[in-house]
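Pulled these features from TrEMBL for this protein:
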type    : residues           : note
BINDING : 29, 44, 74         : Mg(2+) 4 binding site
BINDING : 45, 46, 121        : Mg(2+) 1 binding site
BINDING : 46, 74             : Mg(2+) 2 binding site
BINDING : 53, 258, 306       : substrate binding site
BINDING : 120, 121, 145, 209 : ATP binding site
BINDING : 210                : Mg(2+) 5 binding site
DOMAIN  : 27-137             : domain 'PurM-like N-terminal'
DOMAIN  : 149-248            : domain 'PurM-like C-terminal'
């Protein structure tokens, strides 16, 4: 028997609420959330479209994970604790096996944070997936892009460029640690713990979705400052280092997206209070623009990362 819209929602996406903030979940015209006194609600939305954000051969479990992960990464960059999501799902046909696997990937990550799916919509059309994620952050403690200060040190979590290399492999490049970088490309891990730890420590923060240079550039533009990066200090995996040695494509880690690490600025006094794994890669300067120090020379870096509608 063919699945109707409501049967689809009930079978794959309706579960008992587990979060403390959820008052009413799937089943009514709206969901209800309780916002504790002293907290603000952070809200973000990301959409993924087949052949734009993911390849047709992606496993549905991976897609469910990544769709949620990229939204949680936005919450992490603001220092927000995830509480709930909504899901809008457009697909050309109903495939029960695909939906089951997609839901498994989505909820495996959601359960890690006791995150409730509280509503959404389904319709027919080209495969398009959207999540709206909501999180809580104490009043006046949200991390923003606009508060970097001259003299701040610039840090990143994790390694940079793995997801970009994963994309290169999907496009045909050979000669890298395939499994490691494809895992980073297909199943990024949002830095929720790190984002929470940066509350009241970092001055500015952003997640690296469109590329290190582009996303750091948002901090610089919004804060009215510039920066100098030490290329040798940018943390890269052996696979990325090997790729650069073979291709001389040293710019790839700067412009490739999908790493979903955090890039933040912090004053020198707060550095000693950091209790997360991260690497200092540069400093905020008064002179605007992004400069790269490499092999004893400093040059202006003008290339940007991924951007929709860029002609």
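Just so you know, glycine gets a Cβ as well, placed from its N, Cα and C.
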What's the most sparsely packed of the binding-site residues 46, 74, 121, 210, 258, counting other C-beta atoms within 10 A?
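Relative to the other binding-site residues in 46, 74, 121, 210, 258, 121 has the fewest Cβ atoms within 10 Å.
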Whole-number Å distance between the CA of residue 46 (Mg(2+) 1 binding site) and the CA of residue 53 (substrate binding site)?
11
For residue 210 (Mg(2+) 5 binding site) and residue 120 (ATP binding site), what Cα-Cα distance in Å is obtained after rounding to a whole number?
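Each residue's Cα considered, residue 210 (Mg(2+) 5 binding site) and residue 120 (ATP binding site) end up 26 Å apart.
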Least buried of the binding-site residues 44, 45, 209, going by other Cβ atoms within 10 Å?
45
Please identify, among the binding-site residues 53, 121, 209, the one with the smallest Cα-Cα distance to residue 44 (Mg(2+) 4 binding site).
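Answer for the nearest of the binding-site residues: 209.
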To the nearest whole angstrom, state the Cα distance for the pair residue 120 (ATP binding site) and residue 258 (substrate binding site).
25
For a three-state summary based on DSSP, what are the helix, strand and coil counts in the domain 'PurM-like C-terminal' (149-248)?
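Grouping H, G, I as helix and E, B as strand yields 49 helix, 14 strand, 37 coil.
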Taking only C-alpha atoms and a 10 A limit, tell me which of 29, 53, 74, 209 are near residue 45 (Mg(2+) 1 binding site). These are the binding-site residues.
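The binding-site residues close to residue 45 (Mg(2+) 1 binding site) (Cα within 10 Å), listed in sequence order, are 74.
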